[in-house]
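Report on the structure given below.
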Amino acid sequence: MSGSTASDGMLYATYRFTFDHVYDQDSSQEDVYNQSARQLVHSTLQGYNAAIIAYGQTGTGKTYTMEGAARVREDEGVAGDLEGPLRGIIPRSIEDIFCQIQNDPEPSSRYLVRLSYLQIYNEVISDLLKPDRTNLVIREDRRRGVFVDGLSEWVVRSPREVYELMMRGAEQRATGATKMNEVSSRSHAVCIIIVEKCSGTDTEASSPDALMGRPPAWAAGRGGSSSALSTQQSIRVGKLNLVDLAGSERVHITGATGKRLEESKKINASLSALGNVIAALTDRKDRQHIPYRDSKLTRILEDSLGGNCKTTMMCMVSPALEAFAESLSTLKFANRAKNIKNQAVVNEDLDQRTLLRKYERELRKLRAELQRRSKELVDKRRLLEVEEQKRQAENEKLEVLKVLEARSREFMREKEEKRQLEAKIASMQGQLLIGGTKPEDSPTFRTLLAKEHKRIRGEYESRLRELEAERQLFEEDLAQVDRYKQLLLKQRDIMIALTARLNERDEQIMTLQEELEAYDKHQRLLEDQLDGKTAELIGLRRAALEAEAMRTRSGTLLGTDASSSQVR
């Protein structure tokens, strides 16, 4: 800083800062993205964590830079321009991610993209995509690092799906009017994009359509092939945090009162905590403790500030004279932030719990279950066929019995007709006299009677043979029905045994699931206890340092008193 005196006698101060890029009013949204964001977005696809943070005073264009120019839609209210030429870093990042996925030259590459959207309003974390989830808790473990417990994750397959979710979240974000901005963001918003990339040789064929549930325009690389995971494959997980901070405010300028005043206090407190973290990270010699836990905002951005992340800080300033003090504070903040040294590494093949691996394992289970169900379906189909054959055999048996009964009635009718005919012939013969002799004693009558008896006997024997043949066929049908019945009984016993085994297996699965839930609950309890112990330890250390400082001051004071006594 150098001082100079103007002609009016006033003293002016000059500040000099150096930054990676400086954009003026003539810079386009495309220039800002290409120079400050594109490289970070591409690193996310390579497995790195990345963050882009917008910081500045209210009304300086943070939301414009991150989302785009505000527009009004009748059905969705006010939101950023997600598809027009004035779209900001967030929609351009999403478009770039899916474009890179579509143009991936590796034929075996597959991707899974997830989106989360949250806000921090008055130090309360809420899910913008599921408004019923409020007051969410921040947790930390070795596998996931710092994360928001209960935050929803949405699997997205195209930029259009992401834009729809962003519009839904924008409706839920807290905004309000101040003297400096008609639509001022009253909360910190964090858009989280997680990209899992699976690459390597395949050993078990599967379809990318099965993985993503639709045409794989964004699921697989340009080669279009896919497979289940094997030991020769690797997974890289990249996370992109796109942060639109609420604006820092001076109450006497914004004129905030009532609810807006309380919001301003919370916003300034969290931004002050962010400044303290950055100051601690750039001056590690004097301060070994980094106060990430002083605010929900700094806790969420812990990895982005001094951790495993590539971070770009976008700081906005205003040319207005009344905003000079706030603009100078923003420039000093940015000057400190650029001195933070992060250590970003590729998150490769973390463990078997990555979501892409989980989906592949679930697919294999579903395919095995489908194969088993198909086999059961075939067995049931055979059983139905046998039952149908049994019903047909019973119907044929009834038809045969009906035919046999009809022929028996016909035979009895013919027999009755024969008896009546013989009785009639005998009656007529008893009434006739031929040459003083009876008709039945004449040779002609006896010859005719013998022929008639022979004819009737032949018909009777022929009908008996037909009935005997039909009886044998009927007995064979009955035997076939009995064999079908025995076969059905055996298959029923087999199905009962298989059903019992399946029920037993289902009970085992339910028991294992209950044990897993118990283990998860116990793990969460241990994590809460660990957080409590950590807080107690920090308090004890702070108390010990204060006691040591007091002891040192007391020793110094005693030494001074002793010296004074000796002089006297």
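Heads up, the Cβ atoms here are built off N, Cα and C, so glycines get one too.
Pulled from TrEMBL, these are the features on record:
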DOMAIN    1-340  domain 'Kinesin motor'
BINDING   Gly56, Gln57, Thr58, Gly59, Thr60, Gly61, Lys62, Thr63  ATP binding site
COILED    356-529  coiled coil
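There are 25 other CB atoms within 10 A of the CB of Lys62 (ATP binding site), with all protein chains counted. Looking just at the coiled coil (356-529), the mean pLDDT is 77. All protein chains included, Thr63 (ATP binding site) registers 27 other Cβ atoms within 10 Å of its own Cβ.
In the three-state DSSP scheme, Thr58 (ATP binding site) is classed as coil.
Within the same chain, the residues at least 6 positions away from Gly56 (ATP binding site) whose Cβ sits under 8 Å from its Cβ are Lys62, Leu245, Gly247, Ser248, Cys315, Met316, Val317, Ser318, Thr330, listed in sequence order. Highest local Cβ density among the binding-site residues Gly59, Gly61 belongs to Gly59, counted as other Cβ atoms within 10 Å over all protein chains shown. The number of other CB atoms found within 10 A of the CB of Thr60 (ATP binding site), across every protein chain shown, is 25.
Counting every protein chain shown, 26 other Cβ atoms lie within 10 Å of the Cβ of Gln57 (ATP binding site).
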